[in-house]
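Reviewing the structure listed below.
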Amino acid sequence: MPGKHQHFQEPEVGCCGKYFLFGFNIVFWVLGALFLAIGLWAWGEKGVLSNISALTDLGGLDPVWLFVVVGGVMSVLGFAGCIGALRENTFLLKFFSVFLGLIFFLELAAGILAFVFKDWIRDQLNLFINNNVKAYRDDIDLQNLIDFAQEYWSCCGARGPNDWNLNIYFNCTDLNPSRERCGVPFSCCIRDPAEDVLNTQCGYDVRLKLVRGELEQQGFIHTKGCVGQFEKWLQDNLIVVAGVFVGIALLQIFGICLAQNLVSDIKAVKANWSKWNDDFENHWLTPTVSEVLSTAGPQQNSVIGSPGLAPPSRHAFFGLGGLYPEPTFKNW
């Protein structure tokens, strides 16, 4: 409408998205650093940091690896997202988006493969548990993890109590001098609710007594394998497990979108500044012909364009104290 000025809103970086991404990632950064510190402390207590070869000597899984890997990934992602948002660094923000996207697609691929190749996953899980059963006494953290799993899922071994024959301390061979021979860990025992003190020797000679018929198998130890119990637990808690995975996936997608939106805002602001800078140079710093003629003086103005006469000398263009640069051919 006439009489009214048109206002154009210049692009700017959204403060809400920027500081939300910053706050979100600083929490992950701190948690990741905490997990990493706990993992390194645990390795230090076990002497792993002074003897790196101990990492490969253990036949089973060292649970400290979970803290180190998860803590390291969270620290890297949190640092990139936090500093990238705060300093408006597009490289760190792109790294954050790509890294988070890669993790998301790996999780998606793992879920699809686990659904399609269920039998293969079950066999690998059996093999994984049996390898850790062999190393039960080799690492205290692994021992605590197996005991927790057997108590939580009310199971014993991968397929059953006889899987503990794979462990040199619990096998039933005549050459085994261990006091735990033909037994199971205490976590396989069915606890009596009336007991206030945990009986850590409840599994001694249990499998030997079961063979002799001295004990009722069902009422003394857990006889179901942990693989089957884990599958049953997944089926019983399918909605909760699926909800957790969907929530994590949505959180990752939200983080990627937020970072990409921030990158777009930063690029738009940079492009606007670059355009403004070009317009400023063209409008204010490049002289027009009329400006050149006005600074050249009346004597030189009269000869501009006359046949056979050269343009004014370069000194005429610095008549205003050197404000204008020497014009190029395009100015003429």
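Just so you know, glycine gets a Cβ as well, placed from its N, Cα and C.
The transmembrane segment annotation in TrEMBL covers 20-44 (among others). Within the chain, the transmembrane segment (20-44) has long-range Cβ neighbours (under 8 A, six or more residues past its boundaries) at 64-68, 70-82, 85-86, 96, 141, 255, 258-259, 262.
Outside the transmembrane segment (64-86), and at least 6 residues removed from its termini, the chain residues within Cβ reach (under 8 Å) are 18-19, 21-22, 24-40, 42-43, 46, 48, 92-93, 95-96, 99-100, 103, 141, 255, 259, 262. What TrEMBL records for 64-86 (among others) is transmembrane segment.
Residues or ranges marked as transmembrane segment by TrEMBL: 98-117 (among others).
Feature annotation from TrEMBL assigns transmembrane segment to 238-259 (among others).
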